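According to TrEMBL, the feature domain 'Neutral/alkaline non-lysosomal ceramidase N-terminal' maps to 1-397. The feature active site, nucleophile is assigned by TrEMBL to Ser136. What TrEMBL records for Glu325, Tyr368 is Zn(2+) binding site. Look at TrEMBL and you will find 399-562 tagged as domain 'Neutral/alkaline non-lysosomal ceramidase C-terminal'.
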Amino acid sequence: MTLLKFVDDEWGPVGSFNWFATHGTSMSRTNSLISGDNKGAAARFMEDWFDQDSGEGIFSDESKASGIPRRISNIIPFFRNNHHELRELAASFQSSSGKSATRFLSIAKRVRSSLRRADRPRFISAFCQANCGDVSPNVLGAFCIDTGLPCDFNHSTCEGKNELCYGRGPGYPDEFESTRIIGERQFKKAVELFNNASEQLEGKVDYRHTYVDFSELQVTIPKQGGDTEIVKTCPAAMGFAFAAGTTDGPGAFDFKQGDDKGNAFWRLVRNLLKKPKQGQVDCQHPKPILLDTGEMKVPYDWTPSILPVQILRIGQLVILSVPGEFTTMAGRRLRDAVRTVLTSGGSKEFDENVHVVIAGLTNTYSQYITTFEEYQIQRYEGASTLYGPHTLSAYIQEFKKLAAALISGLSVQSGPQPPDLLGKQISLLTPVVMDATPLGVKFGDVSKDVPKNSTFTRGENVTVAFWSACPRNDLMTEGTFALVEILQGEDRWVPAYDDDDFCLRFIWSRPSKLSTRSHATIEWIIPENAASGVYRIRHFGAAKHLLGSIKHFTGSSSAFVVA
């Protein structure tokens, strides 16, 4: 992991960026909730940690001692220790019926909005991607879900079937726990680097950016004996092993990783879509082409040919912005090649201390980039390397040009411009026609409340359901769909947790796809460091009426006690 710490002359630390390679696939495709996965969890943990560590007063001594930041409500004093008194107070707050609200109310009630200080910048922590192509967060290995035995190592299959082979995260079988653990590991390393950061960046801030057509790019590569030869990349194509997926997300049918042959049936299906020309077959060898995407143009290009490549410099830190997922070794070779240009190009601005990092999946997406040797094996990553076996060599060549221009101060040509497809996009997502509730029920009414006079302990799951509307009516950007509030004094409710917190889950559902009615279920897994007190759960949403107008609403559950 490489971490960049931002320090303001007046306010001190105001943020950090770090680059570390691991897929955001701790949550499998069975998860139907929107999630930032392990990267998002790590960022949330670190920003809360800084608020805790900087003396903002929103974390308890117990939370600080644990070393693991979890949102708690210690902004509220422990005003009562009498459990009976708390239960009596909670009983006086029954669920409220749904009522109209403004969108601003959702934003204002968000926990971190209410805690934001106007006299200082908010701390921001970004957990950036690097060369993650073959790096899985499911670190326990891949196992067959029917037998529990390890998958076939070479093909990631179980008795020939890829659908049964799944990777296990460290919290197996709980994917939420696996996400938390992998996020926590990244967070802890980032805090270590943040606290020990001592090397100050000095020098220019500069960049070079260009577009490159990777479909038929001439690439000069070295040969044994010191000679060179010129090879070419290919129009994009996906191999048979691409359809096998990976142990983080298996594919379907009879595809398998490590397939450099293909089979007659799927070749027939492929040919109905687009039969590749012999030149394309030879260029992509040994990849057996399943989808000749570089030559499929309807309704528009199936995969991009013109890609952005970019190099940025901040003093002795150099960032390589790549539009795809480099494998571990492919990324290492790219970094080493650029470092060699920077340190041996005759410039005194860089020495051996130059830091080169890869910012993965930047500006556009073009699948995977493997080494030449990895490409020959045709596992998922090699089958997903679009432009043939010399794709990595092409990237290295183009980034060496950018690095040379950077140290010499020369400009670079902008290159061929990618097509503008904004006006051609198609969507298969049906629009929201309208939302409705049963007669006599309002949007925001509680359909499943907490038990009357209920008391919960830390670690328990509090579940409340509301009559709701489609969340796509308003994505509540900067706001929240779900909120946990704690009672301060006799009648003041203060935000404690929202849907940005790892412990709070917002689950939307409808009886059927064509139904206009829907429910929002909010689950709060009470953190171990949550303060004792009286709580309630609120829901914010927006409903679409038949005439197309959007109306915001809110509702709240009955109060309950956390002891």
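Just so it is clear, glycine is given a Cβ too, placed from its N, Cα and C backbone atoms.
Look at the recorded positions Ser136, Glu325, Tyr368 and count other Cβ atoms within 10 Å of each Cβ; Ser136 has the fewest.
Taking the Cα atom of each, Tyr368 (Zn(2+) binding site) and Ser136 (active site, nucleophile) are about 14 angstrom apart. Taking only the Cα positions, the spacing between Glu325 (Zn(2+) binding site) and Ser136 (active site, nucleophile) is 12 angstrom.
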